[in-house]
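J.: This is the structure I have questions about; it appears just below.
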Amino acid sequence: MRIDIISVLPELMESPFQTSILKRAMEKGLAEVHFHQLRDWSTGKHRQVDDEPYGGGAGMVMMVEPLDKCISELKSQRNYDEIIYLTPEGETLNQKIANTLSIKENLMLICGHYKGIDQRVRDLHITKEISIGDYVLTGGELAACVLADAIIRLLPGVLNDEQSALTDSFQDNLLSPPIYTRPEEYKGLKVPEVLLSGNFGKIEEWRYEEALRVTRERRPDLLSEDF
Ligand code: 6GU
């Protein structure tokens with residue numbers, strides 16, 4: 001998979017892809033992430049990429065021309081499965097969206113800043129808008145990292161068996177059951193007997209019941225969603 005990310009602050013997104021599991025995914029050639037500095041497509045002498053909104057009002061708007069030029073150039077080089085604009089106005093990211101995007105070949109992510117992007121960029125190019133939750137960030141960069149992380153970890157070969165994505169919270173619309181490691185007792189708190197029993201049928205049953213209990217207590221909304 002290849003992900004192209006367009007931003008005025010690409011340096012903000014470098015370290016997540018140079019660390020730990022995502023770094024390994026890059027090194028193994030399972031994912032490629034390419035950053036593009038939007039200012040490189042600005043024609044103005046100050047490399048301007050934002051301007052005042054028509055009709056007035058607070059805040060700046062990201063101009064149509066640099067974004068259109070950048071996106072068009074990338075589009076001339078390969079076919080993108082989705083061109084995604086990260087914005088609080090988008091569909092809220094969930095595991096199902098991450099799963100769907102993880103089977104694509106080429107994705108383009110557009111990070112907004114200021115009050116957002118000129119509507120005509122959306123009309124011309126954007127195929128999907130995604131938000132990472134109901135709160136406002138200073139820009140789309142951290143959201144783009146969140147989205148890319150959620151997608152890349154699902155690519156075959158990125159996680160090993162111990163890290164397997166198949167047993168994640170949300171992969172079956174259930175939260176994870178409690179987990180324990182050594183020691184068997186700590187400050188009077190004991191590991192549930194069943195986990196020490198060696199009876200894997202019983203253990204799986206216990207984990208499922210606990211996952212249901214935790215989900216019912218914390219996120220009953222997940223149980224009524226079809227997945
Ligand atoms: Cl995608 N962008 C910004 N700026 N804020 C957000 C967001 C995205 N998702 C949640 N808040």
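Placement of Cβ uses the backbone N, Cα and C atoms for every residue, glycine included.
Small disclaimer: the values here were computed from a predicted structure and weren't measured.
Below are the features I grabbed from TrEMBL:
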BINDING   Gly112, Ile132, Gly133, Asp134, Tyr135, Val136, Leu137  S-adenosyl-L-methionine binding site
DOMAIN    1-224  domain 'tRNA methyltransferase TRMD/TRM10-type'
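Where in this structure would I find these features, and how exposed are they?
T.: Classification of Ile132 (S-adenosyl-L-methionine binding site) by DSSP places it in coil, neither helical nor stranded.
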J.: As a test of the contact definition, list every same-chain residue at least 6 positions from Asp134 (S-adenosyl-L-methionine binding site) whose Cβ is closer than 8 Å to its Cβ.
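T.: Residues satisfying the criterion: Pro88, Thr92.
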J.: The record names Gly112, Ile132, Gly133, Asp134, Tyr135, Val136, Leu137 as the residues that bind S-adenosyl-L-methionine; what is their largest Cα to Cα distance in Å?
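T.: Per the listed residues, the maximum Cα distance equals 16 Å.
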J.: Can you check which residues sit near Tyr135 (S-adenosyl-L-methionine binding site), meaning Cβ under 8 Å from its Cβ, same chain, 6 or more apart in sequence, and list them in order?
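T.: Looking at Cβ-Cβ distances below 8 Å from Tyr135 (S-adenosyl-L-methionine binding site), excluding near sequence neighbours, one finds Pro88.
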J.: Among the binding-site residues Ile132, Val136, Leu137, point out the residue whose Cβ has the most other Cβ atoms within 10 Å, with all shown protein chains included in the count.
T.: Ile132
